[in-house]
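J.: Have a look at this one before I ask anything.
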Amino acid sequence: MARRNPLLFAIVVTILFVVCYGSALIAQTPPPVDNFVASAHYGSFKKRHGKAFGGDAEEGHRFNAFKQNMQTAYFLNTQNPHAHYDVSGKFADLTPQEFAKLYLNPDYYARHLKDHKEDVHVDDSAPSGVMSVDWRDKGAVTPVKNQGLCGSCWAFSAIGNIEGQWAASGHSLVSLSEQMLVSCDNIDEGCNGGLMDQAMNWIMQSHNGSVFTEASYPYTSGGGTRPPCHDEGEVGAKITGFLSLPHDEERIAEWVEKRGPVAVAVDATTWQLYFGGVVSLCLAWSLNHGVLIVGFNKNAKPPYWIVKNSWGSSWGEKGYIRLAMGSNQCMLKNYPVSATVESPHTPHVPTTTA
């Protein structure tokens, strides 16, 4: 990946906002950050996260990245009145390039999403008019997990969707194995990226729809390695197929309401410094990260999606982020997929098993 000067990041952000949104925004170059103020915040950051660096060169590099991120957070806050960005989170000493390399997969998505098409059919029943849904409250969402230094967001997104569909259809909630996909799925590329529908396709082709429990095949790729597949474990859930949902937020909301959580891809470039609130103006160029929609609230101002991430519970709102509904924030509607699960409580849905 080509190196960019992190000191230009905030200015580039400003220019891109103006180009994309025209006169609706007033360009603001973030003010310089005083070294004394930055040093005080940096000291608190290191203490909070137990950070220690070897040598003056590395220390200086981390401080400069942190200082630049203070400017970036300032700018993002000026553009998002309902959200808060700051440098208290664990990623604040990374340059944007380092963050992207460690936690995002832009190259994989660019190579493999060209032929992604939505399925025509989703649900024949009329919308119910439900204004808010949170599948966490319905017992269909497992605790927030952590992918670590492995580019396995796709596996966490796919498995989170299957966990949610399994529980929403009437089965008991069970934490399922991301490691099964990271190590064994030979359609995707482990820590180097993957796609959620490809993962579901592999489950159908190679496992007859069966997914192991996390307890029987725990996650071990947090350090960035891909252990060999041992392809054995206790089956915790079974899918009957998968669907690529319409690229339409209302249709996605219908699926979330009636069926359960949905796996989606987003541009998470600016999530590095997200702390809380509803993101209403997300910088987005291309998809690079897989996450899980677990609910929405149309009554809120602004209305928002509830999105589960896989960077641990110390990130964002205890591992979650809220994105404003209706304006394709972070390109959330561009790649929605869901597994299907057989249940006596839901009608038959056409599936893709390829």
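Sequential numbering from 1, following the chain as shown.
Positions of Cβ are set from backbone N, Cα and C atoms, glycine also.
Taken from Swiss-Prot, the feature active site applies to CYS153, HIS289, ASN309, supported by similarity to another entry. The feature disulfide bond is assigned by Swiss-Prot to CYS150-CYS191, CYS184-CYS229, CYS282-CYS330, with similarity to another entry given as support. Annotated N-linked glycosylation site per Swiss-Prot: ASN208, in sequence order, evidence recorded as sequence analysis. According to Swiss-Prot, the signal peptide annotation covers 1-24, on the basis of sequence analysis.
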J.: Give the distance between the Cα atoms of ASN309 (active site) and CYS153 (active site), rounded to the nearest whole Å.
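T.: Answer for this pair: 8 Å between alpha carbons.
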J.: To which of the recorded positions CYS150, CYS153, CYS229, CYS330 does the lowest count of other Cβ atoms within 10 Å belong?
T.: CYS229
J.: Quick check: of the recorded positions listed here (CYS153, CYS184, ASN208, CYS282, HIS289), which one has the Cα closest to that of CYS191 (disulfide bond)?
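T.: Checking each of CYS153, CYS184, ASN208, CYS282, HIS289 against CYS191 (disulfide bond), the shortest Cα distance is to CYS153.
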J.: Are there recorded positions among CYS150, CYS153, CYS184, ASN208, CYS229, CYS282 that sit within 10 Å of HIS289 (active site), Cα to Cα? If so, list them; otherwise say none.
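T.: Among CYS150, CYS153, CYS184, ASN208, CYS229, CYS282, the ones whose Cα sits within 10 Å of that of HIS289 (active site) are CYS153.
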J.: Sort out for me which one of CYS184, CYS282 has the most neighbouring CB atoms within 10 A, since those are the disulfide-bonded residues we care about.
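T.: Checking each of CYS184, CYS282, the winner is CYS282.
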J.: Measuring Cα to Cα, how many angstrom lie between CYS282 (disulfide bond) and ASN208 (N-linked glycosylation site)?
T.: 39
J.: Please report the number of other Cβ atoms within 10 Å of the Cβ of HIS289 (active site).
T.: 25
J.: If you count Cβ atoms within 10 Å of the Cβ of the residue listed as 'N-linked glycosylation site', leaving out that atom itself, what do you get?
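T.: So the number of other Cβ atoms within 10 Å of the residue listed as 'N-linked glycosylation site' is 10.
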J.: What's the CA-CA gap between CYS153 (active site) and CYS229 (disulfide bond) in angstrom, rounded?
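T.: Here the two Cα atoms lie 18 Å apart.
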J.: Is CYS282 (disulfide bond) helix, strand or coil when read with DSSP?
T.: coil
J.: Of CYS191, ASN309, which of the recorded positions has the most Cβ neighbours inside 10 Å?
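T.: The residue with the densest Cβ neighbourhood is ASN309.
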J.: Round to a whole number and give the Cα-to-Cα distance in Å for the pair CYS184 (disulfide bond) and ASN208 (N-linked glycosylation site).
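T.: One finds 14 Å between the Cα atoms of these residues.
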J.: Taking DSSP as the reference, which of helix, strand or coil describes HIS289 (active site)?
T.: strand
